[in-house]
Amino acid sequence: MPQNLLDFDLAGLTAWFGERGEKPFRARQVFHWIHQAGVTDFAQMTDIAKSLREKLQNEAVVQAPAINFAHLSADGTRKWLFDVGVGNGIETVFIPEDDRGTLCVSSQVGCALECTFCSTGRQGFNRNLTVAEIVGQLWVAQHSLKREPNRTASDHGAGEIAERPVTNVVMMGMGEPLANFENVVTALGVMLDDHAYGLSRRRVTVSTSGLVPAMDRLAERCPVALAVSLHAPNDALRDQIVPINRKYPLAELMAACRRYLVHAPRDFITFEYVMLAGVNDQPEHARQLIALTRDVPCKFNLIPFNPFPDSGYEKPRAEAMRVFREILQDAGYVVTTRKTRGDDIDAACGQLAGRVADRSGRVMKRVHREAA
């Protein structure tokens, strides 16, 4: 079976070439052709010896996930559904803004963590994505957007073709990135490599629900910006809505955040907080957050819940959001309220579901629970 070269970072590709008697600079050339030029046909890699091109055609492929469909939101947000085989699909979202282009990347087919307010978690879990499937989302987005006129949220008309449409990557799509640790770290290495996409560590963010041991490993192996899906200010509530908290409670999570900051490219952790009407959006919850995070340099990203069918939750009132935000701001915190982008194409936070052939049994267990 041919080797998919998208599965390699530069070190891995160099080793693979070495096993075939090829010099390291040849690996760098091919790496550049694949990631910077967007070329998948070895015959078009014209500065490479014909004999090597023929060898690659026999032994390798460059294969990103196939696009099943693409949607364009009224606000300029784009969503792709990628086919990753055996009835499974993953979703990837591109959010254009005047000063950046952010790609929201998936790391798993489904998610095993069962956060109760997340559409992905409702779909069950099938498998981890390969490196090629993770990097392939960026590869497709970068090179397909390069061929299109640059569009922003404020100007949907034609413009100059962007040299680098994707300036930021957030691992906030389907799945828990740190539960697919090795593949995610390898993919991050490709994203950061100057021979590939050359993204800054400050512009690549991994989001986790709180897998504490993996947070420590990420700090050692590939410290990028870190976002923690917090969503509750106390263990009793977080145990209910973010079940991984039962394994790694808040005291352990806050300690892991402090350790991560020793290595992080930014001097703060971003705490993501999906606000659920009547559940975690009251003033006392904001005050509990202040007490919880007083020893962790951080900012808060408040996210109004994005409804999906049968979620059981409602979007918070604007007044509740305002009061909550002001309590945090008055305590000296930087607080942002995430704009809802792409909700008309189900591309907003918490709405990504794709297609998941559940192998975990979680969907049927949930159906039986809800029917009881």
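The backbone N, Cα and C atoms fix where each Cβ goes, and this holds for glycine too.
Here is what Swiss-Prot records for this protein:
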ACT_SITE  GLU91  active site, proton acceptor
DOMAIN    97-344  domain 'Radical SAM core'
DISULFID  CYS104-CYS349  disulfide bond
BINDING   CYS111, CYS115, CYS118  [4Fe-4S] cluster binding site
BINDING   GLY175, GLU176, SER207, SER229, LEU230, HIS231, ASN306  S-adenosyl-L-methionine binding site
ACT_SITE  CYS349  active site, S-methylcysteine intermediate
Assigned element (helix, strand, coil) containing SER207 (S-adenosyl-L-methionine binding site), judged by DSSP: strand
Candidates SER229, LEU230, ASN306 (binding-site residues) - the one closest to CYS118 ([4Fe-4S] cluster binding site) by CA: ASN306
Spatially closest candidate among CYS104, GLY175, SER229, LEU230, ASN306, the listed recorded positions, to CYS111 ([4Fe-4S] cluster binding site) (Cα to Cα): GLY175
Residues near LEU230 (S-adenosyl-L-methionine binding site) in space but at least six apart in sequence (CB under 8 A): ARG238, PHE271, GLU272, TYR273, LEU289
Neighbour tally for CYS115 ([4Fe-4S] cluster binding site), based on other Cβ positions within 10 Å of its Cβ: 22
Number of other Cβ atoms within 10 Å of the Cβ of ASN306 (S-adenosyl-L-methionine binding site) across all protein chains: 22
Proximal but sequence-remote residues of the same chain as SER229 (S-adenosyl-L-methionine binding site) (Cβ under 8 Å, at least 6 apart): CYS115, SER207, THR208, SER209, GLY210, VAL242, GLU272, VAL274
Intrachain C-beta neighbours of HIS231 (S-adenosyl-L-methionine binding site), sequence separation six or more, cut-off 8 angstroms: CYS115, PHE117, ARG238, ILE241, VAL242, GLU272, TYR273, VAL274, ASN280
Distance from CYS104 (disulfide bond) back to ASN306 (S-adenosyl-L-methionine binding site), taken between C-alpha atoms, in Å: 16
Recorded positions compared (CYS104, GLY175, SER207) - highest count of Cβ atoms within 10 Å: GLY175
Minimum Cα separation from CYS104 (disulfide bond), reported as the residue among recorded positions GLU91, GLY175, GLU176 that achieves it: GLU91
